[in-house]
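Quick notes on the structure that follows.
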Amino acid sequence: MKHFTSVNDIDDPMALVKEAIAQKNSKEIAQIGKNKTIGLLFFNLSLRTRMSTQKAAQNLGMEVMILNVNNDGWALEFEEGAVMNGKTVEHIKDAAAVMGLYCDILAIRCFPNLENKEEDYADNIIHQFIQYAKVPVVSLESATRHPLQSLADMITIQEHKIKEKPKVVLTWAPHIKPIPQVVANSFAEWTLASGYDLTITHPEGYELSEEFTKGATIETNQQKALQDADFVYVKNWSSYTDYGKVLPITEDWMLTNKKLEVTNSAKVMHCLPVRRNVELSDEVLDNENSLILQQAENRVYAAQTVLKKILETNF
Amino acid sequence: MKHFTSVNDIDDPMALVKEAIAQKNSKEIAQIGKNKTIGLLFFNLSLRTRMSTQKAAQNLGMEVMILNVNNDGWALEFEEGAVMNGKTVEHIKDAAAVMGLYCDILAIRCFPNLENKEEDYADNIIHQFIQYAKVPVVSLESATRHPLQSLADMITIQEHKIKEKPKVVLTWAPHIKPIPQVVANSFAEWTLASGYDLTITHPEGYELSEEFTKGATIETNQQKALQDADFVYVKNWSSYTDYGKVLPITEDWMLTNKKLEVTNSAKVMHCLPVRRNVELSDEVLDNENSLILQQAENRVYAAQTVLKKILETNF
Amino acid sequence: MKHFTSVNDIDDPMALVKEAIAQKNSKEIAQIGKNKTIGLLFFNLSLRTRMSTQKAAQNLGMEVMILNVNNDGWALEFEEGAVMNGKTVEHIKDAAAVMGLYCDILAIRCFPNLENKEEDYADNIIHQFIQYAKVPVVSLESATRHPLQSLADMITIQEHKIKEKPKVVLTWAPHIKPIPQVVANSFAEWTLASGYDLTITHPEGYELSEEFTKGATIETNQQKALQDADFVYVKNWSSYTDYGKVLPITEDWMLTNKKLEVTNSAKVMHCLPVRRNVELSDEVLDNENSLILQQAENRVYAAQTVLKKILETNF
């Protein structure tokens, strides 16, 4: 494995999940990262991703350099051939090349802007880093995917599933602002690659890109979708077809314990941060079936396993 | 000791002071913090606290993760049961729980807002971190106290006192803005717990909460209070009774060498940052009796001793 | 060597360059910085300087503490004797003294404001840090010089020169904003101290301070200056005489491959960040004769050599 930007960078997703669980349960301190440096570059806010990746790298003995690109560094230009007589001070091709000289691995968070679908789905920032930085690049959530979150989610399902092929439901949830499709895309992709039975439920108009959902059952009736679910993953996203828009919804899509009665005592998942009582009710989040903290904890082992793999393969 | 938020978390304050002095004078490098991670969370600005705590943790072999909560992470909600359809993106109960999974110790700076006395003095942020994070929590200055500063102050007094029970005067000083009562509260609490003779002097209307000053002499005549003082601690605070207000004062409360003539060649202390020639004159600050840099230096050993204690007790 | 703020702090610049190249080619991990702490203080943005200095310090085994002065800490006062009843919260004399207690070395970035020539060229911030912090101070670019950049540039020239005394041309380049003279000053100073043949070319009105250029040939005809050049260093700067101004220029000063034809297949250098197609054309930057990434990479070894030297001399 050189880069880690989607499930497609992985030969055997389930093997990676099992390796992560082995690392989590091992008390051994790895020194494979000694004298290696990772750069964590944030174009956007981060709490879990920042701390869990930093912790994972330190667990491996790596040095960590963090750059909040918009606050600490220079405004970047992304357009090839641009005449840079405006606000941007440095071209990505120079900045990425330089950072690749200083870091053995670069990890990057770069959200979509939700204004231009083609631009966002080209995922240019992360691809330009791969092109110009030369070193392995890890996505800390790009414009299309959040693979470290999805790997942590797969670890969590593996730890809690009681049947080989559980029914997993990904349900849309309400939100007050336009939110990227990233987590939903990535979760669908990884769930399907793991061979699970995936149902996606959302109001009409919230269809995700088929690139990520091929093989899933799409069901716009939430209650019907929840029937016999083993895991329910809750997440808001803005419209993909009417790109970046929050469409008016009349039904109540927030998950409650009442709605969950038809499930197979489903475990409930959310990637956090969660707007309580908007996306998901307190009663569900604080219930014993909630796995939100287990997911968050597994972020460390997801990152650690990916970084270890990259270190083993490339150095 | 599990948490460190006030002198009440300590069985024997003087023993802690003596341990800190021993650590300061020891050249030994402790490795007790190896493979342990501390998270430093700042809701407010910091220079001394940030650097001295980071240095202390590194002296013990710990990994340090720093989060400027307002710039790096998500806006937090503190109200139980809130319907989060406004500006806040993540509830403290989720954020604190997650950070507790990533860090072995959490250290938090959370100033009061000086608008609502009951709210500030409930010290909710630090208590919610204790409630939800599960791991030991260290105050880097909360809404009511600044115990690491006070411990550093006690170390400094211990190093410079020439009699067993010195006379310590805490004097109010002028300022142009409303400043928390935090440092004064905490200093009073620790001085009294150390068995010193404490006089607090301030203009009328600047009485501190009796919770912190019971056992101290209160004297509104500054010159009278200074008589025979061995240590003079200078600090501004806004009114506690007329909460958060700067009351009009006609007398000149800024300390000068002239005013200090009635003292017992008193050592002068201030926690810094200090507004020179407003809170305290250059002539006093730059005099040989000034201990401001000794206090700042002792911040490292205060933090180091507290972290060592927590590591010894909890891991 | 105690401080590192200009070429004048160095006895033998060429020996330092050779030592840096030796360090670069050595695979040995130095532990000379173990249990030593460097503070990196940024009054201004930074990418290369931040990351390369952090990496250099970590390569030597040092602990690194980073402070973005304007975001993380208190607003600083620089005027002696100031009555601090305005926006500044802490005097440099206190802040620097305290940071000197927490750090074994301080490294500081403090740009000029380009409003007051005398003030900028007094380089007060870095000198006050030297005065008050007591510990060795390293310039990460001050109001007058950028010596770590210049040392990296000298390393790069040493690695690529094919004659003992190459012809080096420093050419002014266009920009849309007023830019400090810092890099040009420093490059001239180091090039001359290295015994190279230096020609500086710029439009009339852009003369640099003679303090830095004594011994160089000044030539306002760019094409004439480029004749037989072995190295061409491209950099914009605002006017020194009409201080901080961008003067109207009618000629085209942006370097092209065409213009370079009269050179001795000159290597092209720039310190980055570069505004592509404004300061320097894509065709030149992406040409095989461009050394911009080599310069950036050598920033690590410049910093590492300087820090090693300071550690050897002072501890």
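Every residue, even glycine, has its Cβ placed from backbone N, Cα and C.
As recorded in TrEMBL, the features of this protein are as follows:
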- A:2-159: domain 'Aspartate/ornithine carbamoyltransferase carbamoyl-P binding' (DOMAIN)
- A:Ser46, A:Leu47, A:Arg48, A:Thr49, A:Trp74, A:Arg109, A:His146, A:Pro147, A:Leu148, A:Gln149, A:Cys271, A:Leu272, A:Arg299: carbamoyl phosphate binding site (BINDING)
- A:Glu141, A:His175, A:Lys235, A:Arg275: N(2)-succinyl-L-ornithine binding site (BINDING)
- A:183-308: domain 'Aspartate/ornithine carbamoyltransferase Asp/Orn-binding' (DOMAIN)
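Note on the domain 'Aspartate/ornithine carbamoyltransferase Asp/Orn-binding' (A:183-308): its mean pLDDT in the predicted model is 97.
Of all the binding-site residues listed (A:His175, A:Lys235, A:Arg275, A:Arg299), A:Arg299 sits in the most crowded Cβ setting, with the most other Cβ atoms within 10 Å. For the domain 'Aspartate/ornithine carbamoyltransferase Asp/Orn-binding' (A:183-308), residue counts in helix, strand and coil come to 45 helix, 19 strand, 62 coil, using DSSP. Of the candidate binding-site residues, A:Glu141, A:His175, A:Lys235, A:Arg275, the one lying closest to A:Arg48 (carbamoyl phosphate binding site) when CA atoms are compared is A:Glu141. Rounded to a whole number, the C-alpha distance linking A:His175 (N(2)-succinyl-L-ornithine binding site) with A:Cys271 (carbamoyl phosphate binding site) is 14 angstrom. On a Cα basis, A:Glu141 (N(2)-succinyl-L-ornithine binding site) lies 8 Å away from A:Leu148 (carbamoyl phosphate binding site). Chain C comes within the C-beta cut-off of under 8 angstroms for the following of the binding-site residues A:Ser46, A:Arg48, A:Trp74, A:Glu141, A:Arg275, A:Arg299: A:Trp74. Separation of the C-alpha atoms of A:Arg275 (N(2)-succinyl-L-ornithine binding site) and A:Ser46 (carbamoyl phosphate binding site): 16 Å, rounded to the nearest whole number.
By a Cβ separation below 8 angstroms, chain B lies close to none of the binding-site residues A:Trp74, A:Leu148, A:Lys235.
Sequence-distant contacts of A:Cys271 (carbamoyl phosphate binding site), defined by Cβ-Cβ distance under 8 angstroms and a gap of at least six in the same chain, are A:His146, A:Gln149, A:Asp153, A:Val183, A:Lys235, A:Gln295. Non-local contacts of A:Ser46 (carbamoyl phosphate binding site) by the CB criterion (under 8 A, 6+ apart in sequence, same chain) comprise A:Arg109, A:Leu140.
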